Amino acid sequence: MAERGGDGGEGERFNPGELRMAQQQALRFRGPAPPPNAVMRGPPPLMRPPPPFGMMRGPPPPPRPPFGRPPFDPNMPPMPPPGGIPPPMGPPHLQRPPFMPPPMGAMPPPPGMMFPPGMPPGTAPGAPALPPTEEIWVENKTPDGKVYYYNARTRESAWTKPDGVKVIQQSELTPMLAAQAQVQAQAQAQAQAQAQAQAQAQAQAQAQAQAQAQAQAQAQAQAQAQAQAQAQAQAQAQAQAQAQAQAQAQAQVQAQAVGAPTPTTSSPAPAVSTSTPTSTPSSTTATTTTATSVAQTVSTPTTQDQTPSSAVSVATPTVSVSAPAPTATPVQTVPQPHPQTLPPAVPHSVPQPAAAIPAFPPVMVPPFRVPLPGMPIPLPGVAMMQIVSCPYVKTVATTKTGVLPGMAPPIVPMIHPQVAIAASPATLAGATAVSEWTEYKTADGKTYYYNNRTLESTWEKPQELKEKEKLDEKIKEPIKEASEEPLPMETEEEDPKEEPVKEIKEEPKEEEMTEEEKAAQKAKPVATTPIPGTPWCVVWTGDERVFFYNPTTRLSMWDRPDDLIGRADVDKIIQEPPHKKGLEDMKKLRHPAPTMLSIQKWQFSMSAIKEEQELMEEMNEDEPIKAKKRKRDDNKDIDSEKEAAMEAEIKAARERAIVPLEARMKQFKDMLLERGVSAFSTWEKELHKIVFDPRYLLLNPKERKQVFDQYVKTRAEEERREKKNKIMQAKEDFKKMMEEAKFNPRATFSEFAAKHAKDSRFKAIEKMKDREALFNEFVAAARKKEKEDSKTRGEKIKSDFFELLSNHHLDSQSRWSKVKDKVESDPRYKAVDSSSMREDLFKQYIEKIAKNLDSEKEKELERQARIEASLREREREVQKARSEQTKEIDREREQHKREEAIQNFKALLSDMVRSSDVSWSDTRRTLRKDHRWESGSLLEREEKEKLFNEHIEALTKKKREHFRQLLDETSAITLTSTWKEVKKIIKEDPRCIKFSSSDRKKQREFEEYIRDKYITAKADFRTLLKETKFITYRSKKLIQESDQHLKDVEKILQNDKRYLVLDCVPEERRKLIVAYVDDLDRRGPPPPPTASEPTRRSTK
């Protein structure tokens, strides 16, 4: 095999064995040797994705000559793809994660074994299939009559009709599939007939070959005496070829042993045989060249005596002569230790017959299988499968979750666990679920870990495995393994007694499951089968009921849909449930003898039961007889309660049929409210409050749960609101109690609590911490209020005293001793406590008066300063406005003078310059002599020259207009007239003389005039054609049929002057008409008058 490089740093190269094989082929073939096939570089070994289940390699093909088609053998099984070729890169969800080795030995298959809905596998042989090259959509209707479309192959659905594909009705699909099935059956019959014919032809060919072999043997017997010398050389060549073939066989056997795991089945030792086919026509010498083939043959045993074997056969070229010798002589047989492995890699392409597409195993999704929403891909029945990829059969059972080992568990469990996987004692003791991590080793022995669910690989041991190892170390069970061989995986029904101790303790919870929950558990779907040719599927539930499901419209029906009525295949599908068939297969495959796993489970369960019995005996030593009797009585009570509950449920079911659902739901909600069912609890915890109420049976189990969920949603908010209001009301009552107590703000909480501990309002606050917080808050508010009241009272006394002093009109020179005598009888004076405070307030009042006087003076000075500043600012603004106004007047005056100078200079030019042929330099000398020249002194030299040029251009334009007016008035001028002809007519006219003295300039102006007139005439003629309604898009066809239509058009146009102007150029006029007609024909019919986009016209 070619060595695979890393990231592309090394080129592709062949090993010596491949080069030697290519050289041998070049020597043995007469024509040019086939080139060695370039080995395609695949991904690195650890990055290579696992092959899909349908591409698993099987037994290698039988030996045959290279590059030649083998004879047909009807007993030969279908050939798999040639070995050595890496599987194709699959989609991302089928690719192996980094550092994950390919599946070998007993490793679990990768998750890619289950095809996703987006990539349906091929159909089984013989099943009617749609045309592979044609995309077909089927039109169907929903129960309410709405039309939708779905792809018959990919199951994709849409409300709108797809474009560019074939669309058929639902009623047309079934006949088409039936016709295809008939065609396939005919093709299979023809293929079988051809196979029989080929087998007969092969038998005849073998008989002929035997006859030829006998004739050759006789000829060889006659010629062997003459070829003894050549026989010695032949023996030497055979010995060399044999040694070389043995070396190649050993190299390839070693490569196979390294690249594939060794199966556990035994096989006879392979052999290396050398056969020498000879062929000699008459008595002449002929050389027969054969190819050396090294192949591993695996024969399928047809009887009990036949066993698979592998052999390495080497054929060498020989030169045969006449001699009495057998046809084929076995030279040597060398036994080799050769394990049964996958077929070796083929370094060159070998044509092989196409392998038949096998039916998909039970794990894969058959055609038209679309999983139900929220349900995983269902495994049929017990979900067992046989992987027949080598000469041995391996039975793989599923885990408790209903999936194969190594596969990701389903998102929503759909199938009840019906099989048990062989587990270690540690798993039986502590683990309640299969671990997601698996341990693997690389080629160099390094350990890594792979997660079957997340497809993640890591070098470090996960925490889950570490905890599992710790649990294994704690558990020490005296269980010895009877054999070192791996235990086969069994399919056993689950037994609660075989579960670990932890699960045994949880059994009472399982016994508490009500009849409604058990019925709901049984009503879950367990299997599904699609109906060919329709979007419907048949679904079986755990209670043996059948309903129909449409994954396209997400519609489920208990009754059979209209398009499935009267179909025999649907009746057959319903009569043969796949899960029951899987149970029967499981019973057939199940081994009757007890295994090591069953013995271990029995020992563990017996030891656990024994421990529990000992514990119960120790606890109930005093009353063993009473306990047993009580247990019997309890069992009887439980049975009687169950019977009574079943009778009540049956009676309630009859009553439910009478009372409307809304009334029953309302009564059920009232019961929940009356019984005080908490909105923050679960259905199981609150069930004991309502289960004995007669209204409990008004609804079935499903409706009870739904109403309870609605009640919880609405009642939760109400309870929160009530709880909040209750807490707020308790706080308000507590505050009122503190206000009524009128305690000293300096009191402590302990004193307050001791005094009011028996008050109901005190007890309404549950936590002492909350009571203390409310008390501290109230005390802080009281203290703050007291402080604010004291401050306010002091401010009022002060303001009243100041008012008293202000009434006596005091000034800064007043004395307290004199003022005191005047105000001491006033109550506002007496309100101040001490005389020192009164004197201090008096001094504050005098200082305030003095400050007020000073502040008034300062305010007056500031007011005067502001007035003066505003006057100065106003004066500056007036001066600025005056200066701007003066400047504007000066600018206007200058502009007026400048305009006056321009007018004077233009008047000067009008009087002095009459000819347009003069220059500025000559005219300037003449203008200087005029007195008006000085009036234009304000103009610059460039401005005067610019005005002169404008004056000259005006004169030239005026003369040109007069000249063209002269040409227009000359009726003899046509579009084809020349200057020589026109010159004779207009040369005496003053306008022609004044235009220019240069005849060349006149001719140039005349030619420009004719050109402009010609362009204008053509434009006017096109406008005339558009205005002529007689010319339409049909005119071209009419003109092609007869020239009369064109003559009619010209006759109509002759009445217009725009047509007559072009009389001098009739050919050009005819071209314009034809071009317009072609344009109308190209545009086609005109759009209707209401069209909003006239540009969208149909073009031919």
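Note that Cβ sites are derived from N, Cα and C of the backbone, with glycine treated the same way.
As given in Swiss-Prot:
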type	residues	note
COMPBIAS	1-15	compositional bias 'Basic and acidic residues'
COMPBIAS	461-483	compositional bias 'Basic and acidic residues'
COMPBIAS	498-508	compositional bias 'Basic and acidic residues'
COMPBIAS	632-642	compositional bias 'Basic and acidic residues'
CROSSLNK	LYS505	SUMO2 cross-link
CROSSLNK	LYS509	SUMO2 cross-link
CROSSLNK	LYS610	SUMO2 cross-link
DOMAIN	131-164	domain 'WW 1'
DOMAIN	431-464	domain 'WW 2'
DOMAIN	530-563	domain 'WW 3'
DOMAIN	661-714	domain 'FF 1'
DOMAIN	727-781	domain 'FF 2'
DOMAIN	793-848	domain 'FF 3'
DOMAIN	898-954	domain 'FF 4'
DOMAIN	956-1012	domain 'FF 5'
DOMAIN	1014-1079	domain 'FF 6'
REGION	1-90	region 'Disordered'
REGION	258-332	region 'Disordered'
REGION	461-528	region 'Disordered'
REGION	616-642	region 'Disordered'
REGION	872-897	region 'Disordered'
REGION	1078-1100	region 'Disordered'
Other than its close neighbours in sequence, what residues sit by the region 'Disordered' (872-897), given a CB gap under 8 Å and a spacing of at least six beyond its ends? 938
DSSP assigns the residues of the domain 'WW 1' (131-164) as 0 helix, 13 strand, 21 coil
What is the three-state DSSP composition of the domain 'WW 2' (431-464), stated as helix, strand and coil residue counts? 2 helix, 13 strand, 19 coil
DSSP on the region 'Disordered' (872-897): how many residues come out helix, how many strand, how many coil? 26 helix, 0 strand, 0 coil
